[in-house]
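A.B. asks: One structure, pasted below without further comment.
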Amino acid sequence: MAVIFSSSALDSHTHVDKHLVRRPIRDLENNVDMLDHLSRVLTLSYQYHALGTAIALFACACAYALVAPRQPPKFPAPQLYDETGPIDLIALDKTIREGFQNYKGKYFTLKEAHGETVILPTKFMEELKALPDNMLNLDDEIDERFLSEHSLFTTTSVGGRISTVVNSVKNELTKTLGHLMGDIHEEVVYSFQELIPPCDDWTEIDIQSKLVRIVALVSGRIFVGLPMSRNQEYLDCIIEFTLNVFFAVPEIRAYPRLLRWTSRYLNTKVRAVHKSLATMRRLMAPIIAGTKQQLEMGTGPHNMCAWNIKNSNQKERDSLNIQAQMQLATSMAAIHTTSMTVTNAIFDLAARPEYLQPLRDELQDLRATEPLPYLNKSSMPKLRKLDSFLKESHRLSPISLLNMRRKIVQPITLHDGTVLQPGMHIAFPLHQVSNDEDLWENPSQFDGFRFQKLRDLPGNESKYQFTATGTNNLDFGYGVHACPGRFFAANEIKMILVHLIDNFDFKFKGDIGRPDSLWTPGGYHPDPSVRVLLKRRLKA
């Protein structure tokens, strides 16, 4: 268009030098050359761009292949549930119930968010109960299921080892429990004085939220010691971490795998989890430094902080981040399970007040023969009715649907020839074992003294205790895979219940009966909206 315009202009101006008339032709030739050159450049650029895109996509594919867990071959058993779509927890419970009934003694699978889980028949428990971690691994199972790298669910997320905390619980906490009972009792009394009103008349209490804080205080006394265990910022930190970490996991999982690292900056719950770790580092820094000095001099406190430092390798011992996370992880485990177990027991007692007097009579009889200021490690097991009531409550209101969850590390051949391949997730159906008609008489009915009566039979003294494990007692696992903290938890739970039963009458607000438990990922949780009425007992 510019060339035509120039030519017309020249025709109307005859005074212009004639050799200029040839310039538009040369300009046209130059423009054609330039367009041809530009075309070649653009073509080459497009080729480079396409090549760059292909390389980028290939790099992303390689990166994904590196971070994506390698899935084992699909297990040859019926898949009864798919959690990768919208989660229906009621359907999951129904599925596992039906699976246990329809495939009793056989395998079935659940497609969970983190991968396929093979539900094993209980007949294989005996051959798996003693296998070491390098064959059946808990750390890897938890890390994959709870996305620990991003959620900070376990100590592995900051470079530590779960085994360090486990060793502290096994080798120190459990063995010194007898010396800690006085501290546990003192903290239970203190926590009720601080958190429960006088209750001279019937007083409405948000019992579950109160118990979360009571358990945090009592556990903190053993985990970090006074005065930090009563520090409000410390208590808020461990409670908020416990609540936020469970909500954070499904939100992290919603991110594309390669972008999950961004959740730390973009997601409110994940940011809160990391903030809790930063707070714990700040709070624990002087305590950890002081404890290290004491340990070097051959002294030191009797608490989890000191035991974790003692059992740490050099890397863990030198890392404030790891030591702080150990406090968070241990507190989370205690607060989450213990508070719910106590709440369920209180709900069962409030719904069945006929059990209160026999439990009080048992406590009174024990005190008559052992007039101690508090229950010690040797006297606590003598409360057989209380132990039985707790076990029955736990049987019908478990924390989890499944137990003994593990990830297979090395090939394992079972006695029927089935091979469990590396990378596979396994579990046993806890809730269904607890409700098996072949194991329990009238399993759907609550019998608070069921296990006391079973223990009275010859040879059953230890078999049916609250902390007992076995093929028909999966609440705390089995064999080397049993929960190492169950003895501390049991004594803490009983101490709280003894104080409550001894000092208060309680009932539900209104004639509501036993409230239904709620479903959340993993199992039953007591309904947090339920309120309990407390009234202080007048004792002679």
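Quick reminder: no glycine exception, Cβ is built from N, Cα and C everywhere.
According to Swiss-Prot, the protein carries these features:
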{"type": "BINDING", "residues": "Cys483", "note": "heme binding site"}
{"type": "CARBOHYD", "residues": "Asn376", "note": "N-linked glycosylation site"}
{"type": "CARBOHYD", "residues": "Asn460", "note": "N-linked glycosylation site"}
{"type": "TRANSMEM", "residues": "48-68", "note": "transmembrane segment"}
A.B. asks: Using a 10 Å radius around its CB, how many other CB atoms surround Asn460 (N-linked glycosylation site)?
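C.D. replies: A 10 Å sphere around the Cβ of Asn460 (N-linked glycosylation site) contains 14 other Cβ atoms.
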A.B. asks: Cα-Cα, whole number of Å: Asn460 (N-linked glycosylation site) versus the residue listed as 'heme binding site'?
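C.D. replies: Asn460 (N-linked glycosylation site) to the residue listed as 'heme binding site', Cα-Cα distance: 21 Å.
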A.B. asks: Using DSSP and collapsing to three states, where does Asn376 (N-linked glycosylation site) fall: helix, strand or coil?
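C.D. replies: DSSP call for Asn376 (N-linked glycosylation site): coil, neither helix nor strand.
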A.B. asks: Looking only at C-alpha atoms, tell me how far Asn376 (N-linked glycosylation site) is from the residue listed as 'heme binding site', rounded to the nearest Å.
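C.D. replies: So the alpha carbons of Asn376 (N-linked glycosylation site) and the residue listed as 'heme binding site' sit roughly 22 Å from each other.
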A.B. asks: Output, ordered by sequence, the same-chain residues six or more apart from the residue listed as 'heme binding site' with a CB under 8 Å from its CB, or 'none'.
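C.D. replies: Those within reach of the residue listed as 'heme binding site', by Cβ under 8 Å and sequence separation of 6 or more, are Phe476, Gly477, Ala489.
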